[in-house]
């Protein structure tokens, strides 16, 4: 699924271009271990095998800018989060400090965290996502959002530990986008009511 060299990343980008035109329509459909509707280039971009600019420019040889607008927007979210965090370094410092304090968490909560992180929570769909993350180092973007909201608002576990779990396993894990996305879901309580009604689950 993931490129290990620049040549492989460029080949993966080229292979995705024929699907880029339908990205906006199809990107939100989540399939088990099948992510053909998205480029899966996030790890290659994260590790600088290719750049955001290269990934964004390649489909323009085939499509109008308006056709791939959503694809382009998604590519540059990572750069946005990195820029946002660089202007607010205290956010990262606070996160690291809060994470360290959670080493003293009570035994009951720690047991639940261990159970959830082992993919044994008892909620089948979320356990599936947990295992896919551990086994492949990847989750579809929507699966990440569903899982993060469930962790915070259903399991009521510290968002910092959920962010750390993601960062540990994601091959495309980025300190800025990973952490700030989890912060965002911490504050989206109304979203949890919609998660289990989503037809994509």
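Using the three backbone atoms N, Cα and C, a Cβ is placed for every residue, glycine included.
Taken straight from TrEMBL:
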BINDING   23, 71, 172, 173, 174  FAD binding site
DOMAIN    72-181  domain 'Cryptochrome/DNA photolyase FAD-binding'
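Cβ contacts within 10 Å of residue 23 (FAD binding site), excluding its own Cβ and spanning all protein chains shown: 21.
Residues within less than 8 Å, Cβ to Cβ, of residue 71 (FAD binding site) and separated from it by at least 6 positions along the same chain comprise 20, 23, 24, 27, 39, 56, 59.
Around residue 174 (FAD binding site), the C-beta neighbours below 8 angstroms that are at least 6 residues distant in the chain are 46, 78, 81, 82. Helix, strand and coil counts under DSSP for the domain 'Cryptochrome/DNA photolyase FAD-binding' (72-181) come to 86 helix, 0 strand, 24 coil. Listed in sequence order, the residues of the same chain lying 6 or more apart from residue 173 (FAD binding site) and placing their CB within less than 8 Å of its CB are 46, 166, 167.
Cβ neighbour count for residue 172 (FAD binding site): 19 (other Cβ atoms within 10 Å of its Cβ, all protein chains included).
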